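Notes follow once the structure below has been shown.
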């Protein structure tokens with residue numbers, strides 16, 4: 001029993017704390033409560049921060065979704081964005097005019113772009129290299145340098161020469177150190193180097209077509225034709241420079257004299273001048289014939305040049321030739337041509353006779369032919385010749401020559417027994433050319449009177 005009581009007392013002691021312990025616990029409780037409260041507050045702050053971050057992330061996600069839907073609504077299916085596409089791929093399909101417009105706008109808005117364009121242009125040979133043509137065969141590189149050094153500093157000069165003879169081929173190249181030098185040189189494209197009037201252009205334009213002196217006029221311009229005059233009868237001993245001074249009295253000359261001989265630099269019988277104004281060209285043509293150093297110069301418009309003059313002369317000669325044949329046709333000849341055509345003319349003349357005229361001629365010969373030594377048979381033969389000429393025989397051998405009756409030896413006393421008229425020219429015997437002359441005489445209307 002005692003043991004049970006002891007155990008119960010011990011269990012009560014363990015189950016119920018002592019007063020000291022209770023007091024100590026009461027002292028420690030406020031501190032623990034404060035710590036717990038702080039922990040609770042910290043946990044609430046952390047939870048609030050996490051909630052804010054979650055809300056912000058959700059808001060950003062919604063904004064991104066809205067942006068993607070708005071931008072992707074018009075460009076669905078495009079994997080690459082425009083900003084990521086290379087700029088050269090965008091410029092490649094553009095035309096030259098579009099690129100020029102873009103570069104011009106960029107150069108106007110951004111000065112650094114304009115400076116960059118100028119730097120590239122100065123470095124490129126395209127804007128600094130010029131081509132000179134029309135040089136004399138004795139031209140050297142020093143002559144080119146002396147002629148072009150006034151326009152700017154020259155970097156390189158080359159006069160193209162023949163490898164065999166060592167003489168100039170008539171052209172060369174000038175390379176300036178700056179673009180301004182080439183521009184100054186091209187302000188006046190024609191220059192006199194030595195005794196030759198030369199012309200220059202940018203080498204990038206390409207080779208010159210046709211006459212090297214006329215070549216600077218690259219494109220056809222009706223206004224240039226109106227301002228260009230053609231001067232003929234220009235002797236080779238005329239100085240081109242003096243000729244230029246002579247025609248400069250009528251106005252300022254833009255080009256000329258053109259058309260000089262490439263080898264000698266002298267005129268080849270003509271010269272071309274292009275005035276700067278139409279009034280000057282008209283003034284030069286007011287007096288078409290001008291006297292210069294004892295020579296009479298003939299001035300025309302450029303389109304009245306040698307080709308047109310030759311064509312006019314050809315037409316004039318053809319007209320004169322036709323006129324001569326026309327006059328001969330009035331005398332009995334036909335259209336111009338060989339002897340066959342002339343014979344056709346006789347046939348045309350024969351057609352003018354009608355049977356009444358033939359009968360009258362026969363009666364005349366019958367009444368007066370005795371005094372002339374002719375008989376009636378000649379009139380009948382002549383009537384047969386004139387009357388049987390058919391209109392269908394025009395252009396060939398006259399019908400009368402093949403269908404005329406045989407003439408007896410007594411008709412033409414001078415011919416005797418020859419068979420010249422038998423069968424016409426086709427049956428003429430060898431060695432009897434006189435019958436041909438007699439046939440012409442009869443055909444022209446006059447009988448052969450004998451010797």
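Each Cβ is built from the backbone N, Cα and C atoms, and glycine gets one as well.
Feature region 'Disordered', per Swiss-Prot, maps to range 302-335 of the set 302-335, 336-369, 370-403. For the domain 'RRM 1' (128-236), the DSSP-based tally of helix, strand and coil residues reads 28 helix, 40 strand, 41 coil.
Looking only at the domain 'RRM 1' (128-236), the predicted model's pLDDT averages out at 82.
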